[in-house]
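Following: one structure in structure tokens, then a few remarks.
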Amino acid sequence: MSIQPDLDSNKTEMDDKEEMNEIGSALEAVINSVGGLGLYQKILFIAMMPFGIAWAFLYFCQMFVTATPDVHWCRVPELDSLSMEMRRSLVTPTTGNYDFDKCNTFDTNWTQVLESLRAPEAGTPTIPCPYGWEFQFEDIPYSTVVSERGWVCDRAYLVPWSQSISFVGSVIGGIVCGMLADKYGRLPALVLANVFGIIGNVGTIFTTGFWDFSICRFIAGMSVDSCFLLIYILVLEYVGTRYRTWVSNLSIALFFGGGCVLLPWVALWISDWKWIMFATAVPSVLVFLTPFLVPESARWLISKGRVDKAVTVLKRFEKMNGNKIPDNVMEKFVTIAKTRIEKEDGISLIFKTPSLRIMVVFLIIAFMAVAVMFDGIIRMSENLGMDFFVTFAVTSATEIPSIIVLLFLLDRLGRRWLVYYIGVSGCYRAVLQQHVVRVHYPVDARADADCCESFRGVLRAHHSFCCGHRLSLIIVGVVGLAGASLALFLPETKGKHGVSAF
């Protein structure tokens, strides 16, 4: 058996690493000369704020426009002249748990019921709601897509399916924007990603059915993640290694976490799902100012042979920060940058060598686990049986202190074991929640069914109604444990230089 292919592969990998490290070290020297966290970097940090808020708004706004009021019952046109409580008491059969049936009503002569004002006798046949539903807007104090279009009972599956389609858009958008960022630059891809969010959210306002709604949510989903991560990566490139952990984590904690905390109060203040869609698109509009404030990636410019443009960008940092770049440092950077051969590897680069292929697979699985844990726990926090808006805000607020705590631990304890410990803790939290919630809060809380639907939205398995609330929590825990275990196979970065190519 020939080992030559493996030797060639290893040689190629080492050559690529050496080349990237040379360029990375030269650029790092320039960044340190102008200041690792100077005035310009601080301006860029603040410039990340609208995109972090846009990320949170686009990610979670669908929860607030498809929220289902807990109390709803069949509408009977003949009884429209009566009070709401009277209508509900007359048209709604009781279930075995002495609760009102939300999906069926009596098959009877409603004109006679209106004359007698007596509910049909027990044993009267029931039928699915023939004229739609009425909603009591107490827990959700405004009209939503669900209440306007009757996406309840036998049509309740449309809510998680539309969310699933949005998630598919996120996957497609991430791939498309990533490829465009490699080919045309970070800034054009950032603008495009946010335009997807604007078009998707505004377009949703004018939809009338499920499929046009889902198509618009797919387009908006293409913006999720990319609308922030592109500027996140770009800004980190210009921050000194010493400050990179702080900038990377604080930007997510303050801007994404702050956006999540702000979103329920924006929705509650507006109290109209169409205007909520419009309002959550507003932060993305600021992307059109980005090319005038945020520089293009110097590493990307070098990869395209545009070294002079990269130097111009770095000179801007020199001017803004008031620190001159030594001539020998700049000359070394230009010399190394001009010797780099332009390559069009694109996304294929991450599959180029065996070690990178394994790393990518592990990272994808670990990130999927993180996404399921975060998204699942946020959505299933409704199980507390408290106010929907308060619960969402409080649960989201935990993002801020948790990331700030990580700032003090990452460079002391390392990334790998922290990921494992947090993942295992999340597993126990998810599995034990079924016992804690079941003991301390009402079993018939509205959130039980809705949260299971949302979790199935994360897993894209909306057709499987056999997945109950307790099983959903167990799945969240198991997925978190699996992802945390895989993190142990990733290389530790504590005390080492960051990746030399963004």
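A Cβ is built for glycine as well, from the same backbone N, Cα and C atoms used for every other residue.
Quick look at what TrEMBL lists:
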- 104-502: domain 'Major facilitator superfamily (MFS) profile' (DOMAIN)
- 43-65: transmembrane segment (TRANSMEM)
- 187-206: transmembrane segment (TRANSMEM)
- 218-239: transmembrane segment (TRANSMEM)
- 246-269: transmembrane segment (TRANSMEM)
- 275-294: transmembrane segment (TRANSMEM)
- 358-378: transmembrane segment (TRANSMEM)
- 390-410: transmembrane segment (TRANSMEM)
- 471-490: transmembrane segment (TRANSMEM)
Dominant neighbour of the transmembrane segment (275-294) in 187-206, 218-239, 358-378, by Cβ pairs under 8 Å: 187-206
Outside the transmembrane segment (246-269), six or more residues from its ends: residues with CB under 8 Å to it: 37, 41, 45, 48-49, 51-57, 60-61, 64, 141, 228, 232, 235-236, 239, 276, 279-280, 283, 378, 388-390, 392-393, 396-397, 399-400, 402-404, 406-407, 410
Rounded mean pLDDT for the residues that make up the domain 'Major facilitator superfamily (MFS) profile' (104-502): 77
